[in-house]
Number of protein chains: 2
Amino acid sequence: MNIGEIARRAGVSRSTVSYALSGKRAVSAATRRRILQVIDDVGYRPNASARALAEGRTRAVGLVIPPAGRRLTPIQLGFVADVVAAAGRRELDVLLSPSGGEHDRSFERMVRGRRVDGVILMEVRLRDARAARLRESGVPFVAIGHTADAATGYWVDLDYHGLVASCVRHLADLGHREIALINRPRELLDSGYGPARRALDGFNAAAAARSLSATASCCPDEATAGETCMEDLLAARPGLTGLVTVNEAALPGIERALRRLGRAIPRQISVTGVVGRHWAEEFHPPLTAADVPITDMAERAVDLLAERMAEPGTPPRHVLLSQPISLRSSTAPPP
Amino acid sequence: MNIGEIARRAGVSRSTVSYALSGKRAVSAATRRRILQVIDDVGYRPNASARALAEGRTRAVGLVIPPAGRRLTPIQLGFVADVVAAAGRRELDVLLSPSGGEHDRSFERMVRGRRVDGVILMEVRLRDARAARLRESGVPFVAIGHTADAATGYWVDLDYHGLVASCVRHLADLGHREIALINRPRELLDSGYGPARRALDGFNAAAAARSLSATASCCPDEATAGETCMEDLLAARPGLTGLVTVNEAALPGIERALRRLGRAIPRQISVTGVVGRHWAEEFHPPLTAADVPITDMAERAVDLLAERMAEPGTPPRHVLLSQPISLRSSTAPPP
DNA sequence: GCCTGCTGTCGAATCGATTCGAGGCATCGC
DNA sequence: GCGATGCCTCGAATCGATTCGACAGCAGGC
């Protein structure tokens, strides 16, 4: 069932069918009605490949996700679903491509095979090979997180520096003097993963500004690791009364360790940070934290990409999202 | 940069370039070398839309995920990543489509617009509108879970009935007499979601066979709900010594409730079930459970789909996976 | 009554690949 | 020396849409 068959049944030419559907030229009401009737009867839809070939665009975008090896965190996974939903609202389909090692072929197929009109790149590093390839191939893309040359690209990012700093100030205002940061895994920090870097910088800067005694540590994205990390931290710094974390996956372990060591939250130790809302609410007691606005980020990323696809020549733009701290009940003045 | 340009530069016709790449007809070694050299120099890749139009297939598959509204469980999310990886190994791209309500358009675009050669349908219900539409449109598809007419379709499923039954028998063998099941949310059970139904059936059948006193309850996919559910269960059945669950998201809450009520695992209460491996390992103590083999399921689903796409006429086939119970340390004889 | 302008429709070119039939050119056998 | 046989390569048709130029028919202005 193709456009020719529709044209035949409606007694018009193929071009008239096309115009009736797209509205790019006037078609008389009677003809239009007849065509739509036939289309409805047989359940016709234009072939996506043929249309893409003729139009020179595919009406699809690529979403490059982090390597499958490292398990995706719930935040990242929620983000994928939100991107798909936001793209759907603009009649765009989403092609998934894992990145890294053996999956380069998939990336190549997508980009050089012109399978997509644009790409959203998740978890970008400060210097990022995929971003460089996209830039050189001329495919419009939006990065989640920014690369070293922040000024030249399109990106959406969360202001981890500012958010972690306000967590620190929140603790300082309550009277805490000795605090710690539980960051994302060390290999992410070392490979120049922006959020981890900026969380650390924001933590150190704000702690220095308030002359707090501050310790920063890294922790794998797992509950068991969070438990160990929390124990080590308390062993090294028994006087600790305030904790900031950007590692949501570690939260259950942190909670477990504190309970086991008999440190009540928030009576004896306050906990805050930047994590997905779901995780903050499942913490015990509910975590006072800046909730990562993934739905927002997904929507802004798709908006930005759509804009860039529509007008390829436009100058770089970016969105740096912030988010107020939601006061729940995991922070209090120190004992 | 298209095939014509490559042909021009290599001094051959377009068809020769095509044959050199596909190997469908012999091309002399010298010509072939010359063509590949040019292709390598300019970084050419065939345009995916043009190829799809000519070949009549897109080399892409669709993955229909559960509605974004209901949060995806970690198992489902891991499954998405695994499907993408498995498809990538077969040079297939993956298009994501949310299902339900407002996202019908996306489904329609994919299926009727011939954007994909086949579809994997997640979280299928016993009677499922999406499966019916795929069947009528003639697009090959593989369901995760099976529909009411199990014999007529392609599907991959986990033997929840058998697995939950062996959990029950495991508890019975240890000497437990009073056990309970914590199932997935009630609305899933009521809407005919297979795993929830079969878990319940398997639980009841095995408990009856061993004449155990058994209670089954449903629980939303959330930690806080798990906590409440566990409390209610113990209030109603103080003599409970064995627990089976297929709700991984509830696990942290179950753990919390048992700890708070002073019931040690496994000394006073044994816990087992069917959950993602990651969750079993993060439980405290590590959960003796049948690990959901998502990577396996993803691979089998892609295999089955590829097979069906290659030979559309083949008779229905399905794979019912089982999985041995991994003995960890959350079960013991009753006190 | 003729020219102008507008509306609605058509035919043909185009997008970039694959694939089929046909034919050129050696090589080989007799 | 001539026809048959393979091996390579080419030209043209095809896939199913979009889009542009052309044109028929009709209304309105002078």
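Just so it is clear, glycine is given a Cβ too, placed from its N, Cα and C backbone atoms.
The feature domain 'HTH lacI-type' is assigned by TrEMBL to A:1-55. As annotated by TrEMBL, region 'Disordered' applies to A:312-335. The compositional bias 'Polar residues' annotation in TrEMBL covers A:323-335.
Non-local neighbours of the compositional bias 'Polar residues' (A:323-335) in the same chain are 158, 163, 166-167, 170-171, 174-177, 241-242, 265-268, 270-272, 277, 280-281, 283, 285-293; each lies 6+ residues outside the stretch with a CB under 8 Å from one of its CB atoms. Secondary structure of the compositional bias 'Polar residues' (A:323-335), assigned with DSSP and counted as helix (H, G, I), strand (E, B) and coil, comes to 0 helix, 2 strand, 11 coil. Note on the domain 'HTH lacI-type' (A:1-55): DSSP counts are 39 helix, 0 strand, 16 coil.
Here the domain 'HTH lacI-type' (A:1-55) has a mean pLDDT of 94 out of 100.
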